[in-house]
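Input: a single structure, listed below in structure tokens.
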Amino acid sequence: MSKVKSSETVKVVIRCRPLNRKEEAAAAVGGIVEMDMRLGQVVLWNPHGPPGEPRKTFTFDSVYDPSSKQRDLYDETVRPLIDSVLDGFNGTIFAYGQTGTGKTYTMQGVWLEPERRGVIPNAFEHVFTQISRSSADRQYLVRASYLEIYREEIRDLLDPNMHAPHVPNVHTHTYRTLELRESPESGVYVRDLTSCVCKSVKEIQELMNLGNQVRSVGATDMNEHSSRSHTLFLITVECSLPGPDGRQHIRVGRLNLVDLAGSERQAKTGAIREDGSLLAEEKQRLLGEKERMMGDLKKEWDATEQLTAKYKVLYTHTHARTHAHTHTHTHGVVSA
Ligand code: ADP
Ligand code: MG
């Protein structure tokens with residue numbers, strides 16, 4: 001099993017789902033793909049190509065073949081990121097790939113079957129287990145938001161107006177669309193997004209179910225809808241812990257769990273180019289953002305140093321954090 005390098009902040013992981021029955025019937029004898037989980041490599045070949053045509057090898061931070069288990073992906077790739085969020089870092093996991101390649105399976109899976117539970121339910125469990133095991137002098141506050149981007153509009157899936165009993169027919173109720181804003185303090189954020197405090201796995205699951213109801217009742221065809229909608233579940237973990245100065249310090253970590261719309265639909269609207277270059281661009285953008293954050297951090301740190309030098313006081317910087325991002329790139333087998 002390939003090990004994800006823990007020092008890197010942006011990781012690209014490939015998962016290949018098993019063929020379904022129809023694909024199996026149409027698949028080329030001998031297949032077209034091989035995955036080496038130890039080396040983190042995907043090898044592709046053309047079954048109709050001339051003899052001796054070289055195979056193409058691609059290397060990623062990790063690869064998961066069709067026999068891989070939800071738990072393996074979680075433990076190796078996701079768990080370290082969630083631990084960082086609990087330590088006050090920001091983290092993002094997003095699934096990217098064509099419709100039907102296993103994004104939702106990877107992110108959600110089958111909630112009622114422990115073996116087939118995906119990233120999101122496992123992350124819920126993980127966050128609350130870690131909190132329950134933490135020392136008594138730490139206090140945590142977990143808040144969740146759930147939103148969907150559908151046809152370029154941002155919809156708040158936890159909008160109390162959508163769930164209020166006075167809304168007689170949610171089908172006719174119009175979504176309030178939200179705006180994306182940016183501020184120097186909090187970076188990019190969605191204005192007026194509902195945020196709900198959750199005290200247990202049960203509560204956070206209920207919130208997700210509530211949000212899912214809003215998604216599905218608004219849609220005439222749920223398959224069509226989910227292949228065009230990006231869903232984002234955001235968890236903010238605030239921890240108040242005593243510092244060496246004897247005072248309480250607040251540390252905040254944010255986890256973004258993203259199930260993207262199918263990439264082929266996006267290609268038509270031009271948001272993602274045909275060659276799938278979004279990932280490369282996004283990685284570049286995130287690295288740029290990381291540089292910027294590191295710069296900010298350094299400035300803050302320098303200011304702290306000056307402060308300690310000037311007043312000779314002991315000051316621990318408890319807000320230091322940077323962005324750690326993981327991308328889960330899910331991929332289906334193209335049957336030849
Ligand atoms: P997407 O969200 O990318 O459109 P889905 O997650 O809905 O794709 O997956 C398409 C189908 O393949 C679903 O029926 C799903 O249960 C199945 N599937 C996806 N990944 C796996 C996997 N790793 N193991 C078994 N079945 C899978
Ligand atoms: Mg999906």
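Any Cβ shown, glycine's included, is placed from N, Cα and C.
Taken from TrEMBL, the feature ATP binding site covers Gly97, Gln98, Thr99, Gly100, Thr101, Gly102, Lys103, Thr104. In the three-state DSSP classification, Gly100 (ATP binding site) falls within coil.
Per TrEMBL, domain 'Kinesin motor' is recorded for 9-271.
Counting Cβ atoms from all protein chains shown, Thr99 (ATP binding site) has 17 others lying within 10 Å of its own Cβ. Ranked by how many other Cβ atoms sit within 10 Å of their Cβ, the binding-site residues Gly97, Gly100, Gly102 place Gly100 at the bottom. For the binding-site residues Gln98, Thr101, Thr104, the greatest number of Cβ atoms within 10 Å around a candidate Cβ is found at Thr101.
In this view, Lys103 (ATP binding site) is surrounded by 30 other Cβ atoms within 10 Å of its Cβ, with every protein chain counted. Filtering Thr99, Gly100, Thr101, Lys103, Thr104 by Cβ distance to ligand 2 (under 6 A) retains the following binding-site residues: Lys103, Thr104.
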